[in-house]
Amino acid sequence: MNRQATGKGMVEWDGALWLSDPEDRFGFRANWKVNRILYRETSAFQEVAVVETDGFGKALVLDGIVQTTERDAFIYNEMITHIPLATHPHPEQVCLIGGGDCGAAGEAVKYPSVERVDMVEIDPKVVEVSLTHLPEISGGDPNPRIRFHYEDGAAFVERQESQYDVIAVDSSDPVGPAAVLFEKPFYRAVHRALKEDGMMVCQSESPVFHPDVMKRVHDSLRELFPFVRTYLATVPTYPGGIWSFTLASKQVDPMASVVGERLQDRDTRYVNRDVLEGCFKLPVYVKKLLDLKK
Ligand code: SAM
């Protein structure tokens, strides 16, 4: 019999502590066996926790939802940064919205051409906790090229004009404070904030569990950008494993402008030239969902 323990999503089950997804989708929910709760506090925005899982190492958990784990953070963080940074003509000014675990920012500064990464995270607690309790993902002491801004990403982007080469939206799911980051007014502001050959990328959820979100993101960006390319990766931590990213570009088609040599010496564990070229190849059900030709 399940008994609700303290903390969002925590249940005791057969004498062990489990973190259970707060919601199911199509009757499916992930459960994580947890050895220890290392940190848990409620910030102004959400419950922020770090747990030691039984098999995925330490995990960052927001409102009971696992955001990233030591075992597979590298896949997601590399996919959301290296794909735009290895296809943009010359990335110098980068803006990251969300991404409080700091893993994506650490990937972005691996490019010598990147002069500055503006990291706009709504919740300072997530950054503080990740730097302190999750150095394996955050990298510990941040690189001096990363500048932290603690505010709503939508409000920040609204004030920018022709400022950035790449904007990456590393948000949590489209509920609570992140909901605004999946809406058209935000995308219009991102378009304005990009330079004339700028690109944006966002995590766009699972094609299996959130096809509605993925389609809405794709179609909204198609109204603004001439090139919109969805790509996929397998991130075991996220429901169903398969995860989507949507890349939108003002001038160059990311699929035709792979600058694979840039990946050399980037010290990656997942992205290489093969992944860069192959991630844009989509299966039939995804092409159908997005109304793309076979
Ligand atoms: N890789 C993770 C995933 O896909 O689940 C998400 C990484 S990161 C932890 C997501 C961050 O977005 C959180 O730290 C959250 O506080 C932040 N966030 C949510 N809404 C935001 C907003 N409107 N502006 C800026 N940051 C936001």
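Here the Cβ of each residue, glycine as well, is placed from N, Cα and C on the backbone.
Computed from a predicted structure; not experimentally measured.
The active site, proton acceptor feature in TrEMBL is assigned to D170. If you look up TrEMBL, you'll see Q46, E121, D152, G153, P177 marked as S-methyl-5'-thioadenosine binding site. The spermidine binding site annotation in TrEMBL covers D101, D170, S171, S172, D173. What TrEMBL records for 16-250 is domain 'PABS'.
A distance of 9 Å separates the Cα atom of S171 (spermidine binding site) from that of E121 (S-methyl-5'-thioadenosine binding site).
D152 (S-methyl-5'-thioadenosine binding site) has its Cα within 10 Å of the Cα of none of the recorded positions D101, D170, S172, D173. In sequence order, F45, G98, I122, D123, E151, S171, A178 are the residues of the same chain, not among Q46, E121, D152, G153, P177, whose CB sits within 8 A of the CB centroid for the S-methyl-5'-thioadenosine site.
For the pair G153 (S-methyl-5'-thioadenosine binding site) and S172 (spermidine binding site), the C-alpha distance works out to 12 angstrom. Counting only residues at least six positions away in the same chain, the Cβ atoms of L60, Q67, T68, A73, V126, S130, L134, I137, S138 sit under 8 Å from the Cβ of D101 (spermidine binding site).
Around D173 (spermidine binding site), the same-chain residues at least 6 positions away in sequence with a Cβ under 8 Å from its Cβ are I65, E205. Looking at G153, P177, the binding-site residues in this record, the fewest other C-beta atoms within 10 angstroms of the C-beta turn up around P177. All protein chains considered, the CB of Q46 (S-methyl-5'-thioadenosine binding site) has 21 other CB atoms within 10 Å. Applying an 8 A CB threshold to same-chain residues 6+ apart, the list for the residue listed as 'active site, proton acceptor' reads I80, L96, I97, G98, G99, A104, Q203.
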